[in-house]
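*Asks:* Take a look at this one; I'll ask things after.
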Amino acid sequence: MQDLHGRNINYLRLSITDRCNLRCRYCMPADGVPQTDCDGILRFEDFLQIVRAATHLGIRKVRITGGEPLVRKGVIDFLGKLSSIPGIEEVALTTNGILLADNANALKDAGIKRLNISLDSLNPKTFTEITRGGSLEAVLKGIAAAEKAGLKIKLNMVVMRGVNDHEVLSFAAMSINNPWSVRYIEYMPTIQESDWRSRIVSGAEILTQLQEKHTLEPLGHSRYCGPAKPYRIAGAKGSIGIITPMSSHFCSSCNRIRVDSMGWAKSCLLSDDRLDLKPYLELPQPHLIGALQQVIENKQLEHHLGCEQDVMTPFSMSSIGG
Ligand SMILES: Nc1nc2c(ncn2[C@@H]2O[C@H](COP(=O)(O)OP(=O)(O)OP(=O)(O)O)[C@@H](O)[C@H]2O)c(=O)[nH]1
Ligand SMILES: C[S@@+](CC[C@H](N)C(=O)[O-])C[C@H]1O[C@@H](n2cnc3c(N)ncnc32)[C@H](O)[C@@H]1O
Ligand code: SF4
Ligand code: SF4
């Protein structure tokens, strides 16, 4: 359905857990985030109920995220059920890749065709520093297993000045010989670190770096496409995308709403507005459809993160899933 600003909302992101096996510096504060006790977390059956209701409002694509979705027990079975809901045309997953090597085939069998994998450095030491302890080797094995299983791969790199911005070209090189989409993401100051302004590398700067070395061909947007501006290096097998939530936000073409692992529905990633769906799970389906409709209708026009009008409470992306 359309929101009050005429945007067609067809994409739902579900954060199925706030737990994670990494502690990325841009996502969580150093001392981590308080974890929800298990009683507060929606059951998989609740998520399925929400998705069934959302299809009545025109939701056609669902992305599963977290925390780290692959740490939640039973996720593969859940994905299989999700893929078979009438009206859902695409189910995708965003993962840090740590547990991917053991799960890639099962994900394919459960109906997943596309995976977005977070990867912020190709240097083992830098990778471990950014993720506060993660193993680059495990993620690279996961990517290889996903490729072997026939999954379509997008790599997400959050570019941070003085941390990994010198690796922009090494990441681009991966798109030349592999049929992957390598995406550069501007750092969003959601945890409001004191030095956040100096960390942001704008999409324009990234593009300049890329164009100094390569000829980039702009590509068209695909169906249910996300926020990335896509390009291809001339002759490459894969593509490149630049996601610019800070320097040039894409709110006017936003097509998504979100539900977190506690059942809070959010019409905008970067707003404090939210609606508790839990009470509606106890009622007949039209009530839940009505609640989701309200969420879509109340969707704000654009975000104010980092602007003078920014009044948003700091939060960890691991709770809502990015
Ligand atoms: N500001 C903003 N950032 C978003 C939004 N959706 C995704 N992002 C950011 O974009 C980056 C990539 O997100 P992904 O989970 O890979 O999903 P996506 O790129 O939207 O997904 P597809 O286009 O379906 O592949 C993450 O850093 C997200 O936080 C959005 O609606 N608003
Ligand atoms: C919150 S994670 C959840 C899924 C999974 N754990 C992962 O890392 O892919 C989803 C996406 O949000 C991105 N993200 C988290 N914090 C961010 C920030 N401050 N700015 C930009 N992107 C961020 C991550 O890089 C990742 O691609
Ligand atoms: S939720 Fe994703 S981005 Fe956040 S700490 Fe975990 S792996 Fe990193
Ligand atoms: S910030 Fe909000 S309105 Fe803008 S693209 Fe993201 S979710 Fe949509």
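Backbone N, Cα and C define each Cβ position, glycine as well.
Pasting the feature list from TrEMBL:
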- ARG13, ARG63, THR94, LYS154, ARG256, ILE257, ARG258: GTP binding site (BINDING)
- CYS20, CYS24, CYS27: [4Fe-4S] cluster 1 binding site (BINDING)
- TYR26, GLY67, SER118, MET188: S-adenosyl-L-methionine binding site (BINDING)
- CYS251, CYS254, CYS268: [4Fe-4S] cluster 2 binding site (BINDING)
- 4-217: domain 'Radical SAM core' (DOMAIN)
*Asks:* Between THR94 (GTP binding site) and CYS24 ([4Fe-4S] cluster 1 binding site), how many Å separate their Cα atoms?
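*Replies:* Between the alpha carbons of THR94 (GTP binding site) and CYS24 ([4Fe-4S] cluster 1 binding site) there are 15 Å.
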*Asks:* Are any of CYS24, ARG256, ILE257, ARG258, CYS268 (the binding-site residues) within 10 Å of MET188 (S-adenosyl-L-methionine binding site) when you go C-alpha to C-alpha, and if so which?
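*Replies:* Near MET188 (S-adenosyl-L-methionine binding site), where near means Cα within 10 Å, there are no binding-site residues at all.
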*Asks:* Kindly point out which of the binding-site residues TYR26, MET188, ARG258 have a C-beta less than 6 Å from some atom of ligand 2.
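*Replies:* What lies within reach of ligand 2, judged by Cβ under 6 Å, is TYR26, MET188.
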*Asks:* Taking Cα atoms as reference points, which of the binding-site residues GLY67, ILE257, ARG258 is nearest to CYS20 ([4Fe-4S] cluster 1 binding site)?
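*Replies:* Closest by Cα: GLY67.
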*Asks:* Are there residues of the same chain, six or more positions away from GLY67 (S-adenosyl-L-methionine binding site), whose CB falls under 8 angstroms from its CB, and which are they?
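*Replies:* The answer is SER15, ILE16, THR17, ASP18, ARG19, CYS20, SER261, SER318, SER319, GLY321.
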*Asks:* Just the number: how many Å between the Cα atoms of ARG63 (GTP binding site) and CYS27 ([4Fe-4S] cluster 1 binding site)?
*Replies:* 19
*Asks:* Of the binding-site residues THR94, CYS251, ARG256, ILE257, ARG258, which ones put their CB under 6 Å from ligand 1?
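*Replies:* List returned for ligand 1: THR94, ARG256.
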*Asks:* Among the binding-site residues CYS24, TYR26, CYS27, CYS268, which ones place their C-alpha within 10 angstroms of the C-alpha of ARG258 (GTP binding site)?
*Replies:* CYS268
*Asks:* Out of ARG13, CYS24, TYR26, ARG256, ILE257, give those binding-site residues positioned within 10 angstroms of CYS268 ([4Fe-4S] cluster 2 binding site), comparing C-alpha atoms, in sequence order.
*Replies:* ARG256, ILE257
*Asks:* Mind giving me a neighbour count for MET188 (S-adenosyl-L-methionine binding site)? Other Cβ atoms within 10 Å of its Cβ, every protein chain shown.
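*Replies:* For MET188 (S-adenosyl-L-methionine binding site), the 10 Å Cβ neighbour count is 21.
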*Asks:* For a Cβ distance below 6 Å to any atom of ligand 4, name the binding-site residues from ARG13, CYS24, TYR26, CYS268 that qualify, or say none.
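*Replies:* Only CYS268 qualify.
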*Asks:* What is the total of other Cβ atoms whose distance to the Cβ of ARG256 (GTP binding site) is within 10 Å?
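*Replies:* For ARG256 (GTP binding site), the 10 Å Cβ neighbour count is 22.
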*Asks:* For CYS20 ([4Fe-4S] cluster 1 binding site), just count the other CB atoms lying within 10 A of its CB, please.
*Replies:* 22
